[in-house]
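Take a look at the structure below.
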Amino acid sequence: MTKTLPKDFIFGGATAAYQAEGATHTDGKGPVAWDKYLEDNYWYTAEPASDFYNRYPVDLKLSEEFGVNGIRISIAWSRIFPTGKGEVNPKGVEYYHNLFAECHKRHVEPFVTLHHFDTPEALHSDGDFLNRENIEHFVNYAEFCFKEFSEVNYWTTFNEIGPIGDGQYLVGKFPPGIQYDLAKVFQSHHNMMVSHARAVKLFKDGGYSGEIGVVHALPTKYPFDANNPDDVRAAELEDIIHNKFILDATYLGKYSDKTMEGVNHILEVNGGELDLCEEDFAALDAAKDLNDFLGINYYMSDWMQAFDGETEIIHNGKGEKGSSKYQIKGVGRRKAPVDVPKTDWDWILFPQGLYDQIMRVKADYPNYKKIYITENGLGYKDEFVDNTVYDDGRIDYVKKHLEVISDAISDGVNVKGYFMWSLMDVFSWSNGYEKRYGLFYVDFETQERYPKKSAYWYKKVAETQVIE
């Protein structure tokens, strides 16, 4: 049976400042930790990325032409405050005013994120969000933006608090490149959630117009053998690390007993302790019912198996299928079911996982108000022929995820939109330029844009709300 989506559903495309803009030192922009980290550790940099800093009018014109009526944009904190605090950079402020004006001119609603992996270097090198002073700096930056950019109707505090802690302190593929420090992972999650809560409360108390929420990456975690209690436990612990700890902070304003039992077990095995203060919980509690929406970023699921051994994680950054490894002491290891498709980067493609995650939010956090799927898409080594890409695999992937969103809406969940990652090809944090996600192909040499087959398909779905 053909499935449909509501008439007012947003069909969006997603971007991020550092992955799209380029111009990393232009017009007074301050450095971010990624600048040097990429130079030192990877075979690519964020220059020129998709040159969105100069070419946003082209991308927004294409958006309008192809039925994309929403865009996720992030503000580069170091374009506004080059050192994260103190002096404002007027050219950065002007750039974002111009960008938002162009969005509205093209009838593409901007959903604006304050922090998308790019803490200014001056603050990042001083502990990033492990340093509680950074909470104050973030809240001050947020307040400046709320006041300055009154044309924005949808604000997001953070993009993917989970993968930041994971990338910086567990896998070590994000600066500062620390591995296997679970206490830092949870502390980073916690301090960022306090920052989120403080900013949301400030937004509501300040009477600013518009809506505010947060974007969480929520990869669904399943036991490899659902009949084995040890595998079930491994999936629960892995879910606490990546999802439940952060969701509890967002919607409960505290960590449930079950969550803390899991956290304490993980830290007992791996070492370290957390600094959780009473005023933190007061801040979390004050904001728990104020979130206007939850953004869910979903690409894949994981299956967990009980495991007794030392932690070892190998990140597959080059798309060499089967080269990744993930096992955490006292938690478990990822083991892929044979019958579920995987990408070259070992991502397990399972649309049902998105449905299950959406239903989990509704069941466990009934004070959620609405959901946007703020990222979902398929990374490919695209083959550019005839000035396009015949990306049927991407179409199939997005179609199946839109279908489960339709199912979730039918089953009573308030899902209001979908943002495909990514609007145009951008650079990927830990995979460079080979892994493409866009609706529009970018020739990174010339910066020309070419609509892919998926763009024409997406346009039809956006115009008809019929998924076929």
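Including glycine, each Cβ sits where the backbone N, Cα and C put it.
Annotated features in Swiss-Prot:
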- GLN19, HIS116, ASN159, GLU160, ASN297, SER428, TRP429, LYS435, TYR437: D-galactose 6-phosphate binding site (BINDING)
- GLU160: active site, proton donor (ACT_SITE)
- GLU375: active site, nucleophile (ACT_SITE)
Which whole-number value in Å describes the distance between the Cα atoms of GLN19 (D-galactose 6-phosphate binding site) and the residue listed as 'active site, nucleophile'?
14
Take the C-alpha atoms of GLU160 (active site, proton donor) and ASN297 (D-galactose 6-phosphate binding site) and report the distance between them in angstrom, rounded.
8
Give me the count of other Cβ atoms within 10 A of the Cβ belonging to TYR437 (D-galactose 6-phosphate binding site).
26
Can you count the other CB atoms that lie within 10 A of the CB of ASN159 (D-galactose 6-phosphate binding site)?
25
Near the Cβ of GLU160 (active site, proton donor), how many other Cβ atoms are there if near means within 10 Å?
25
Which residues in the same chain, at least 6 apart in sequence, have a Cβ under 8 Å from the Cβ of TRP429 (D-galactose 6-phosphate binding site)?
GLN19, TRP34, PHE117, GLY167, LYS173, PHE174
Integer Å value for the Cα distance linking TYR437 (D-galactose 6-phosphate binding site) with GLU375 (active site, nucleophile) is 11
C-alpha spacing of GLU375 (active site, nucleophile) relative to ASN159 (D-galactose 6-phosphate binding site), in angstrom:
10
Sequence gap of 6 or more, Cβ distance under 8 Å: name the residues on the same chain that satisfy this around ASN297 (D-galactose 6-phosphate binding site), in order along the sequence.
ASN159, GLU160, VAL215, HIS216, ALA217, LEU218, ILE373, THR374, GLU375, ASN376, TRP421
Just checking a number: largest C-alpha distance across GLN19, HIS116, ASN159, GLU160, ASN297, SER428, TRP429, LYS435, TYR437 for the D-galactose 6-phosphate site, rounded to a whole Å.
20
Let me know the DSSP-derived helix, strand or coil state of GLU375 (active site, nucleophile), please.
strand
